[in-house]
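Participant: I'd like to ask you about the structure that follows.
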Amino acid sequence: MGNSMKSTPAPAERPLPNPEGLDSDFLAVLSDYPSPDISPPIFRRGEKLRVISDEGGWWKAISLSTGRESYIPGICVARVYHGWLFEGLGRDKAEELLQLPDTKVGSFMIRESETKKGFYSLSVRHRQVKHYRIFRLPNNWYYISPRLTFQCLEDLVNHYSEVADGLCCVLTTPCLTQSTAAPAVRASSSPVTLRQKTVDWRRVSRLQEDPEGTENPLGVDESLFSYGLRESIASYLSLTSEDNTSFDRKKKSISLMYGGSKRKSSFFSSPPYFED
């Protein structure tokens with residue numbers, strides 16, 4: 001028999017690692033891949049990917065929004081657990097994801113702190129992205145403010161999802177929740193038909209000057225309006241002619257109240273929160 005050569009078998013796909021016994025919910029794309037300078041990206045920043053296999057530094061994954069399947073290097077993604085616990089991204093990437101279009105105020109993530117290893121940080125979208133350090137006690141309980149501790153991160157998230165309690169705002173939705181939301185379908189509305197010349201607004205000023213004027217001062221076909229609507233128009237015109245002094249007094253009182261509230265707040269110290 002002649003010599004024969006065996007083809008080298010393809011490397012078997014390794015099972016996914018299980019940190020703390022949890023499978024990641026999805027991968028979050030941190031930057032467009034491939035780079036737009038090289039070719040049109042297959043996966044874009046902010047996309048959520050479902051893992052197919054771990055190829056040793058590379059992931060085989062499928063996009064949850066486009067359905068495209070391909071490989072992506074591990075440095076371009078972060079693993080996400082519980083929908084809000086991000087593993088493998090820093091402060092800058094967290095801010096980029098939280099500032100993506102359609103990200104709502106209160107969107108948040110928890111990530112490993114860059115400045116304190118073994119600790120976590122809570123990043124929240126507000127007017128700007130705010131970062132709060134999460135401390136861990138020797139008994140493995142967590143806290144942001146020392147006066148309030150939690151047995152696990154999930155309890156911490158649940159609490160601050162109900163009340164801000166010193167944070168910049170209430171936690172609303174995990175980061176990237178909107179990235180796979182189905183686009184809203186606008187219900188088709190029936191066409192609106194307008195009748196010509198319902199109200200001659202050029203004659204309104206004359207009505208204010210001469211309330212005892214003609215029988216139909218607005219030039220309106222009264223059959224087109226109910227009695228209540230005609231009364232509403234008349235009430236509106238009478239209100240617009242009133243003096244605005246009451247509004248000025250109200251505005252001044254509001255400004256005084258606001259000034260008083262600012263002075264009052266100095267007597268109450270907010271709970272100590274440590275920004276990361």
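Note that Cβ sites are derived from N, Cα and C of the backbone, with glycine treated the same way.
Quick paste from Swiss-Prot:
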type: DOMAIN; residues: 22-82; note: domain 'SH3'
type: DOMAIN; residues: 84-175; note: domain 'SH2'
type: LIPID; residues: G2; note: N-myristoyl glycine
type: MOD_RES; residues: S253; note: phosphoserine
type: MOD_RES; residues: Y273; note: phosphotyrosine
type: REGION; residues: 212-276; note: region 'SLA C-terminal'
Participant: Which numbers of helix, strand and coil residues does DSSP report for the domain 'SH3' (22-82)?
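Facilitator: The composition, in the requested order, is 3 helix, 29 strand, 29 coil.
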Participant: Pop the mean pLDDT for the domain 'SH3' (22-82) in here, whole number is fine.
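Facilitator: Averaged over the domain 'SH3' (22-82), per-residue pLDDT gives 92.
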